[in-house]
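Structure, as structure tokens:
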Amino acid sequence: MSATAAQGHSEGHAHDHGHHHKETFITKYIFSQDHKMISKQYLITGLIMGVLGIAMSLLFRMQIAWPGESFKIFEVLLGKWAPEGVMDPNIYLALVTIHGTIMVFFVLTQGLSGTFSNLLIPLQIGARDMASGFMNMISYWMFFLSSVIMVLSLFVEAGPAAAGWTIYPPLSALPQAMGGSGMGMTLWLVSMAIFIASSLLGSLNYVVTVINLRTKGMSMTRLPLTIWAFFVTAIIGIVSFPVLLSAALLLIMDRSFGTSFFLSDIFIQGEVLHYQGGSPVLFEHLFWFLGHPEVYIVLLPALGITSEIIATNSRKPIFGYRAMVASILAIAFLSTIVWGHHMFISGMNPFLGSVFTFTTLLIAIPSAVKAFNYITTLWKGNLQLNPAMLFSIGLVSTFITGGLTGIILGDSALDINVHDTYFVVAHFHLVMGISALYGMFAGIYHWFPKMFGRMLNKNLGYIHFWITAICAYGVFFPMHFVGMAGVPRRYYTNTNFPMFDDLTNIQVVMTVFALIAGLAQLIFAWNFIHSIFYGKKAPQNPWNSNTIEWTTPVEHIHGNWPGEIPEVHRWAYDYSKTNEDGEYVIPGQDFVPQTLPLQENEEELNH
Amino acid sequence: MTALLTIIVLLLVAIAIWQMTKIFELSQVGTENSQIANDKDNKINGYLMFGFLIFIYLLTIYSFWEWGDVLLGTPASKHGPEYDSLMHISMALIFFVQIVTQALLYFFAYKYRGQKGKKALFYADNDKLEFIWTIIPVIVLAGLILYGLFTWTSLMDIDEEEGDPIIIELYAQQFNWKARYAGADNVLGKANVRLIDINKNNVLGIDETDPYGQDDVVSQTELHLPVGRKIIFKMRSQDVLHSAYMPHFRAQMNCVPGMITQFSFTPTITTEEMRMDPGIAEKVQHINKIRAKRRANGDDNADPWEFDYVLLCNKICGPSHYNMQMKIVVETQEEFDAWMKEQDTFKKTIAAAE
């Protein structure tokens, strides 16, 4: 019903949209309300932040591998924080902190979700634009503003925030405890508050658009899995981000207005502070109530993108569409009741630990279903190994490798000895960092033609993938051993413990792989920038895909479709579908676009 | 030297990339340049997929062969073996799943690489299959959850009445540890950071009026534990979050300002015995070889190392987080009693300060 109403509205819109074409440079490229332009803005901002985040990780990896060594590059980039080229412990922690913040929030939340939700939701559900173009624009500009503030915080006199990306108080609340907890942390909190507002505006828009603006015939069960993933991600974001905002606000009050929400009984630098009665554990609860769903906010869009790409490039329907949707929903639901597994040894009641172990290990079930379904989709396919497909297969691989160690960490008893060690770092980098990055790259390679009207160079794409894939395992697989040997994370150097001396060579191996991986991203950067201007012109439907974004013209137009919005008659996964006589539904073509009505003597599937 | 090596490695990588681009470009001569994978790309990348599977396996084997000996070794607490066996079972399980699923994934990617004219199988659903791979994880995980929960409950069950435990307070501050023993009455005196009086050497803020606190003993350098005796740790922090991590005992608990957290274990192997442990002895020998090499190069921090248990801080706590440690000495009850006798009680310390 609502879909029809929206349709009527959109048609009315289509009639008059030919009249207002007077776009200036500012309304077209800067304060644009067009979802396609906004998605490009998100992508490019996200990629620039990504360059920063990755560069930081290379710097601190060098410090870990060659502790206390003097490097010219430290002196150049870090200035006073690297006297004579030796990295200062304060800036080491700051780099770790800001690397985490940038990668989790700025690259993999808004860079990934913002880009592809904006690009694909209207295009794949058949809408002229987002429900509110204006809100969409505000959302991007708030994201931009928060990025700018985060980057500015790097230049604060006493150093940027350095209490870890989880900013646990009291460390993050007391400038006496570390320099970064002064102005740097203030800017971090301000930036994050704006970021959360941006994310909420975006998410509300996505949800409303998916619910209301689907074209005729696009029932929920005909949605491509990408849209399901973006839709559910947006819902998790709406549920959990406000809690982080409240945590940030309370922390701001503790820091600036003398309240004691998170602080109590503190004696520091020779004096007793007035705080009384607060609890840092409360902050941990509030933080991880967002923090854990955040993992899935990062991961689900990547899984959605992968589902679409694997089906398209296998020339097969995604196996178990309904199970895939169900597992997205199950993961989303469970993700909001597992936050306590970050806090098994925080001092909370051990009984709670038992409950959170139970819910946490349950997540392995829908995750396993997803992994098996991906593998089955490949089975007996006709795999077109485009770069996007390689990254998608890579995602399934790292998702399994990283996900499995979650069974160890999610078990409260086993967590005791690996908590906060490199084992955790290895786990979450594989399962959410690398996997989500692969998903992002897959999406960029796949939809680049839709975004920029040109193709990315595939050979550079292949090289990019293979180097990245080898290095990703080269960095994070050995890291598990370091963690099992008991090395805590966020140590500036491990040389103060002779028991860790035999790990030095592993650290060097990991760092060398990381440096090579970092360099490999330059190939991508070059490919990306070069192809925007000089890439080969893209055909309308380069990957022979069923989804309706490929029925729009290559040149972007306001309103997406020149004429009426196409009507949808089937689900998105009729690849290689044959009639009873063994012939493709459309003779000579192994895909059936969603816009094609049911053919004669074609068997209808229950979708 | 390192810098030079790094530059050489980077240069070589850059050259390799350049050459690979050329190979890829050359292999494209004569084909249309659509930037969409053709049969040749599918073939090359299909084979590479298979190669990558072998790479993962080799990496796994190499890692175990090369670094299998860096792990923590024999657990030194009563619950340690229990912990380790749960860990081993979980590890065996995840390695099994890892090996099988990665094999399927990359083998399919190789086997079904695309070819023009090949027909993919339209295969959208199979309830039976999906049921199977939902129910198997359910059963396996149910087992693991139950096993894990039993272990967790027995680990976290801290009963002060049972087994004649010693009560020890671990006190964390930026950036060192202190330990407070409850003394002859085995009850810790009340304490609060507001009572800290540096001039009177009351660094832990023990209540001077509390009779239970008079016989408390504060150790600022080493944590001594009697072997075979249940120990209940009460953790406190005076400034920021810290985490008391004792990896050899499979023990860890955060120290939270404003709150007392606790953890309990029974050490089973004395420091002396642990030094004789074959695994540890080998590790020490290996590390001392590394340190000897460093010494030969004239580096500092290269003296021969003797094994000791250690208490580390494992929650980011500030710039010197990486060096917040305390030596743990596990010894026989007699040795422990003798050490204890040498220590000053709180009453004595205060009196001396006055």
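Cβ from N, Cα, C; glycine included.
Since this is a predicted model, take the numbers as computed values, not measurements.
Among the features that TrEMBL reports, domain 'Cytochrome oxidase subunit I profile' is placed at A:25-579. Annotation comment: TrEMBL describes A:42-60, A:91-121, A:142-168, A:188-213, A:225-253, A:286-307, A:319-339, A:351-376, A:388-410, A:422-448, A:460-486, A:506-529 as transmembrane segment.
In summary, the transmembrane segment (A:91-121) does not lie against the transmembrane segment (A:506-529): fewer than three C-beta pairs, each 6 or more positions apart in sequence, are under 8 Å. Spatially, the transmembrane segment (A:188-213) is not adjacent to the transmembrane segment (A:286-307); fewer than three Cβ-Cβ distances between them are under 8 Å for residues at least 6 apart in sequence.
Using a cut-off of 8 Å between Cβ atoms, the transmembrane segment (A:422-448) and the transmembrane segment (A:351-376) share fewer than three residue pairs, counting only pairs 6 or more apart in sequence. Remote same-chain residues near the transmembrane segment (A:351-376) are listed as 303, 306-307, 310, 318-320, 323-324, 326-328, 330-331, 334-335, 337-341, 343-344, 396, 399-400, 403, 406-407, 410-412 (criterion: CB distance under 8 Å, separation of at least six residues from the stretch ends). Most Cβ pairs within less than 8 Å of the transmembrane segment (A:388-410), among stretches A:142-168, A:286-307, A:319-339, belong to A:286-307.
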